[in-house]
């Protein structure tokens, strides 16, 4: 679309009570601001982010995540002159460094300007598109709420916006109004050019309000179109409570999307998914499962209370109570309860229970017994274990990396393996067992004598 998008992300977010910038708090594994940017980039190739508080931290994160969009000129950054021009209107002004143009808007590629907030992670591009398709010179989003506390009130007559009043400046009678400003606008560039420089800060907060642009336009006979929107989409996140509420809504969206793609979910409200998780084929996800990061699950069964982090699971069953940690690739494999993997590739393997497999590669047909551990860390560095095809590793075996175990190898239970094993070998590493005649009676007889002496 031929529209420029401005995302306001300059606020301090003090109600979050956190050293982390408000817009970088995560919802389903993704920064709040990233949701707004992603939806904006779906409809525009000219997106502007206005920053101030902790702007270096936010900008660094954005440049890392949106390197290509920035290189292509689709993403731009502006630093608000907060000292001289605070507020939502001030966020659109060039600031004191621009001299005579201090209160003029920034330069945009298109005539239609869509303005939204960086703390609205639930807004959808389709709704933004609806705002932009309205031909009015000013279109604003309006919510009808039973409890409008915290929002600016919208005074309307016959469906037409008359003015907007910030809550802190509202009279008692105006606080009863249920129509509120959802905070997203589409404004023609000519309106901003004309009325933004007229905005002052003679209000209780001594801030420059974007809503005053709407007021001046209305005073000069320009009709303000209102688009009623859903509260769920336009919910602002200003506190940890609102953050949790937004995450619940996002989680439900992610679950429904997965189920629409054919995923079976047992007790879906107990399942946690992050935003970059993908599925393909027929999958079953049981209750209490967490799937995090850029994980991909294909034709697999993830059993109850398992955790999958940043990994690929293909044609496998995992769990219950398994932990697949980052950089694991599990294919055609059975992983049972209390098995943990990390940075490992398993192809056609059986790992029944109670094992840790880190920094290893195991080939098809191999069986890993209970209690097997790859000892991959020597206190200074990680080392790799490689296990070939059709290897049988007995229970309670410690594999001291670096280690190469070739195919068709048998390792006896209880062994500590420190050397490579060649094709077809049997490896044993145990202290010889001794059975001491009547040792039980002698041991406890000595204990009883000690008690008598005391």
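In case you wondered, yes, glycine gets a Cβ from its N, Cα and C as well.
Residues or ranges marked as region 'Pyrophosphorylase' in Swiss-Prot (evidence: sequence analysis): 1-240. Swiss-Prot lists 8-11, 22, 87-88, 152, 166, 181, 238, 325, 342, 356, 367 with the feature UDP-N-acetyl-alpha-D-glucosamine binding site, giving sequence analysis as the kind of evidence. Feature annotation from Swiss-Prot assigns Mg(2+) binding site to 119, 238. Residues or ranges marked as region 'N-acetyltransferase' by Swiss-Prot: 262-454. Among the features that Swiss-Prot reports, active site, proton acceptor is placed at 353, with the record citing sequence analysis. For 370, 376, 377, 395, 413, 430, the entry in Swiss-Prot reads acetyl-CoA binding site.
Structure coloured by features recorded in Swiss-Prot.
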residue: 10; record: UDP-N-acetyl-alpha-D-glucosamine binding site; DSSP class: coil
residue: 22; record: UDP-N-acetyl-alpha-D-glucosamine binding site; DSSP class: helix
residue: 119; record: Mg(2+) binding site; DSSP class: coil
residue: 238; record: UDP-N-acetyl-alpha-D-glucosamine binding site; DSSP class: coil
residue: 342; record: UDP-N-acetyl-alpha-D-glucosamine binding site; DSSP class: strand
residue: 353; record: active site, proton acceptor; DSSP class: strand
residue: 367; record: UDP-N-acetyl-alpha-D-glucosamine binding site; DSSP class: strand
residue: 376; record: acetyl-CoA binding site; DSSP class: coil
residue: 430; record: acetyl-CoA binding site; DSSP class: coil
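Within the model, the region 'N-acetyltransferase' (262-454) shows a mean pLDDT value of 95, rounded to a whole number. Reported as a whole number, the C-alpha separation between residue 88 (UDP-N-acetyl-alpha-D-glucosamine binding site) and residue 395 (acetyl-CoA binding site) equals 65 Å. Of all residue pairs in 370, 376, 377, 395, 413, 430, the annotated binders of acetyl-CoA, the farthest apart have Cα atoms separated by 22 Å. Neighbour density around each Cβ, counted as other Cβ atoms within 10 Å, peaks among the binding-site residues 88, 238, 395 at 88. DSSP gives residue 88 (UDP-N-acetyl-alpha-D-glucosamine binding site) a helix state. A 10 Å radius around the C-alpha of residue 119 (Mg(2+) binding site) takes in these binding-site residues out of 8, 22, 238, 376, in sequence order: 8, 22, 238.
Scoring each of the recorded positions (22, 342, 353, 430) by how many neighbouring Cβ atoms lie within 10 Å, the top position goes to 22. There are 15 other Cβ atoms within 10 Å of the Cβ belonging to residue 413 (acetyl-CoA binding site). When Cβ atoms from all protein chains are considered, those within 10 Å of residue 8 (UDP-N-acetyl-alpha-D-glucosamine binding site) total 24, not counting its own. A gap of 21 Å separates the Cα atoms of residue 430 (acetyl-CoA binding site) and residue 367 (UDP-N-acetyl-alpha-D-glucosamine binding site). For the binding-site residues listed here (10, 370), the lowest count of other CB atoms within 10 A around the CB belongs to 370.
Annotation for residue 166 (UDP-N-acetyl-alpha-D-glucosamine binding site): spatial neighbours 152, 203, 205, 209, 211, criterion Cβ-Cβ under 8 Å with sequence separation of six or more.
Annotated pair residue 367 (UDP-N-acetyl-alpha-D-glucosamine binding site) and residue 395 (acetyl-CoA binding site), C-alpha to C-alpha distance, rounded: 10 Å.
For the recorded positions 8, 10, 22, 238, 342, 353, a Cα to Cα distance of within 10 angstroms from residue 370 (acetyl-CoA binding site) holds for 353. In this structure the alpha carbons, written CA, of residue 22 (UDP-N-acetyl-alpha-D-glucosamine binding site) and residue 377 (acetyl-CoA binding site) are 37 Å apart.
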